[in-house]
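Chemist: Here it is, the structure, as structure tokens.
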């Protein structure tokens, strides 16, 4: 969905976030040198209007989590300095094009849904998080046994390595490698995909990815106490005695700078997984 922020006559506050690779540092240095003397821009990592991520999708995920509490005020734009990145609109040799587009920018944005996760521990504490791609729950040392509940109704009893819940844009990441479907981000939904489920005459699950609409809620209720590995995008945590994990579509969205260089979702999918097709 395309919307617009009001930037009329406003100096744009820009944060530049780069990984440690040589080419990323070169790109960041060029951007710093241009923006520091430009009266239309103000370089600041505090309360930015625009966050420029330099690196790859992992760097964009890190930038998202740096500013996940300011999503209503921030727009992101990615520059890729390696192989093609799914979230990036610019390559490292297109810095001048990015600068020109930002100078012409009128606040237009492309918005994608994100995931909200609430993890309840046995002492009553609730750990909350947001994910741009996916959240996974695994129990490494033993088979994970958990009830999957949709809208307060038990759907199935799961036995296997774990469960992944992804956003539409995250459907092209780990979810796809698990055999899940690719979901267009204008469809505000979550996708639940099993990780190595046990299916036989005794234990059965649906065995297919499930698409959950925005108004619905997924709950995962582990049946055994112990240590669970929970991943939120590119961050992994070891949590003891998890009693419930809840998943929702967040009311907030991530916003990307919309410009002539913004790549459509299906072109991103084609470039990432198919490439050029011989006629």
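Note that Cβ sites are derived from N, Cα and C of the backbone, with glycine treated the same way.
Per Swiss-Prot, the features are:
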{"type": "ACT_SITE", "residues": "57", "note": "active site, proton acceptor"}
{"type": "BINDING", "residues": "57, 58, 133, 134, 159, 161, 172, 173, 174, 175, 176, 177", "note": "NAD(+) binding site"}
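Set these features in their place in the structure for me.
Modeler: Secondary structure at residue 57 (active site, proton acceptor), as computed by DSSP, is helix.
Residue 176 (NAD(+) binding site) carries a helical DSSP state (H, G or I). Summarising the environment of residue 176 (NAD(+) binding site), the number of other Cβ atoms within 10 Å of its Cβ, over all protein chains shown, is 17.
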Chemist: Taking only the Cα atoms, work out how far residue 133 (NAD(+) binding site) lies from residue 57 (active site, proton acceptor), in Å, as a whole number.
Modeler: 10
